[in-house]
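Trainee: One structure, pasted below without further comment.
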Amino acid sequence: MVGADALPSPRQHGVTKPLSLAGPSEADILRTKKLNKFLVDAGLYESQEEAAKREMVLGRIKQVLATTLAQIFLTFLQVEVEYVISWFSHMIVIDWVKQLTRLRGYTEQMVEDANAVIFTFGSYRLGVHGPGADIDTLCVGPSYVNRNEDFFFVLHDILTNMEEVTELQPVPDAHVPVMKFKFEGISIDLLYASISRLVVPDDLDISDVSVLYNVDEPTVRSLNGCRVADQILKHVPNVEVTGFLGGVNWALLVARVCQFYPNAIPSMLVSRFFRVYTQWRWPNPVMLCSIQEAELGFTVWDPRKNPKDKTHHMPIITPAYPCMNSSYNVSISTLRVMTEQFQFGNQICEEIEVNKAQWPTLFEPYMFFESYKNYLQVDIIANNPDDLRAWKGWVESRLRQLTLMIERDTHGKLQCHPYPHEYIDPSNQLSHGAFFMGLQRKQGEAIQEGQQFDIRGTVEEFRHSVNMYMCWRPGMEIYVSHVRRKQIPLYVFPHGYKRTRTTRVSNIENGEVGRKRKDECTPVKQDSPSLKRQSMSPLSHCSDSVDNDKIQVFEVELERED
C-alpha cells in the first residue's frame, strides 16, 4: 500500500501537532483521480486562454496606473496654479501618483521615484480560482494619496470614462472598502491602502509589520487580505494540493485541515475537511499559528480582553498581525446552516469512501427554495443600471444586519438563512434585483399554541438604516415582503420552472443529516399605516390577503409539530 508507512513531515505546521502523518493509499490516489476528472469535466478549472487574459488585464491596470494621469495632467496646464493644486488635492487617485507628487511641490527626484504597487490576494493569489472568478487586487500608494476622496471619487469618474470598464460599483462603506468593476470582461475587486511612506518601492514586502505603522483600521483590513494570503502559503504544507474553496474564511479552514494532515492528497483532504468541522466545537477558534502581538496599538482577537470577541460564534483567526476574526459576520442562523452542511458533506464523503456514492453527489447544488416553507424577499430598485449597482452594493453590505436584528428581536427563536445570490426577473423592465432569506423556528424550541413573533418594527428599523445611504438618489427603493414556498417567483429557478424534488431534499425532510424541520413558521399578515417608502414590493407575488397599498407586516405564528 502506498500509505502503509507514515511519511515524515519536515516541521510542525500550526498550533498543534498533526492528527496524522499518513500518506495516501492506492484507493485515495484513485479517488483523487476521479475527483480531478470530475472537476475538469465540470469546467471548474480555468482555461489557458482565460488565464492569459487575466494576466493581460492585470498588466493593463498597472499600465493605467503609470500613464493615465500624465494624459489628464496636460489638459490642466493652462489653468491657474492655485486652482490646479486645489482641484488635485481632492481629485488625485493612485493613477496619478507622479503628477500629484510634482503638484505638491516635491523634488524632481521624488517625482521620478513616486510609485504605487498592485498586489493580488484571495483565490487568485492562492492559485485556486475558477473560471469567471473575481481578481482581488490591492493598490498600495503613498501617504499623501487618500482613500475617501482620491480613490472613491475621481478614480470612479476616470474608470467610468474608460471603454474597457463596465459594471462599476463603489462600496466605500463596506467593512473593507472596495471598488468593483469589470475590465475587458474580467471581474476586479480593487482595494486601496495608503501607507506611511512617501515612496512605495516596487519590491514592497507587504508581510512586514512596518507597513502598518500609522494607518487606520480600514487600511489595516485592506492590507491584511494580501498579508493573510502570504501567511496561508507560509503555514500550510504541500500547498500545491490545497484550496478547493474560495474566500479567505474557507481558505483558512482548508489550510488548518492541511496542517492536521500534512501528507494527504486532495481526495483525503476533502473528506477530512468535513470530518474535522463536523466535530469542531465552536466557538473554539480555528488558528493557523499563535496570535501575534506587536506594539503598534491595534486590537488583536482575544475574548479574554475584548468583550465583543466573546460574542463571535465561529472564530476563524487570520494569521497576520493584527490577528482578526475573519468570520465576525457569522450569526447563530448562518452557523446552523453551515454546521448542517458540514454534517451532510461528511455523510456523503463516508459513502464515497465505501463506494456507495460518487463525487458528483457532493457537488449537487443546494436546493435553497425547497428547504423552507417561508421566505423574506428583499427587492432593490433604482432608476437606471448605474444607480442600481451603487444602491445594490450598499444594501447587500447591510443584509447581514437584518438577520442579526431578527435574531435579536425574537431572542434567537426565529432564524434566517440569507442566500448570497441575486436574482433578476428578465421580464421586468425596472432596474432591480432580489435577494431571499429562508425563515424557520429554532430547532428544539417548545411550541406554544398561538405564539407569534412580530417583526414589523425589525423590518422597518432595517429599512430605515438602509435608507440612510449617503449617496441615495430618487428612485432608489427597497421592499421587504414575505413569500411562501409555493409563491416563489419562477425566475429564481433554472430555466424558469421548478424542478422535481431531489433525493437530497427528500432525505433531509425524512430526518437525516441537514434535514428540514417541520416546526417552521407560518406568517400572518396585517395591515399597517403606509409610510413614504413602502415595504410592500411591486415585484413580489404575495398573498391576496395583503392590501398592495399598505405596508406588509410580519407576524410569525409557530405551527404545532405533527
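Quick reminder: no glycine exception, Cβ is built from N, Cα and C everywhere.
The structure displayed is predicted, hence computed values, not measured ones.
Found this in TrEMBL, in case it helps:
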type	residues	note
BINDING	ASP134, ASP136	Mg(2+) 1 binding site
BINDING	ASP134, ASP136, ASP189	Mg(2+) 2 binding site
COMPBIAS	525-544	compositional bias 'Polar residues'
DOMAIN	14-67	domain 'Poly(A) polymerase nucleotidyltransferase'
DOMAIN	92-236	domain 'Poly(A) polymerase nucleotidyltransferase'
DOMAIN	240-364	domain 'Poly(A) polymerase central'
DOMAIN	368-424	domain 'Poly(A) polymerase RNA-binding'
REGION	1-20	region 'Disordered'
REGION	512-544	region 'Disordered'
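A description of the local structural setting of each listed feature is requested, covering burial, neighbours and distances.
Mentor: The Cβ neighbour count for ASP134 (Mg(2+) 1 binding site), using a 10 Å radius over every protein chain in view, is 16.
Secondary structure of the domain 'Poly(A) polymerase nucleotidyltransferase' (92-236) per DSSP, as helix, strand and coil residue counts: 58 helix, 34 strand, 53 coil.
Taking H, G and I as helix, E and B as strand and the rest as coil, DSSP gives the domain 'Poly(A) polymerase central' (240-364) the counts 60 helix, 4 strand, 61 coil.
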Trainee: For the binding-site residues listed here (ASP136, ASP189), tell me which residue's CB has the most neighbouring CB atoms inside 10 Å.
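Mentor: Buried the deepest by this measure is ASP136.
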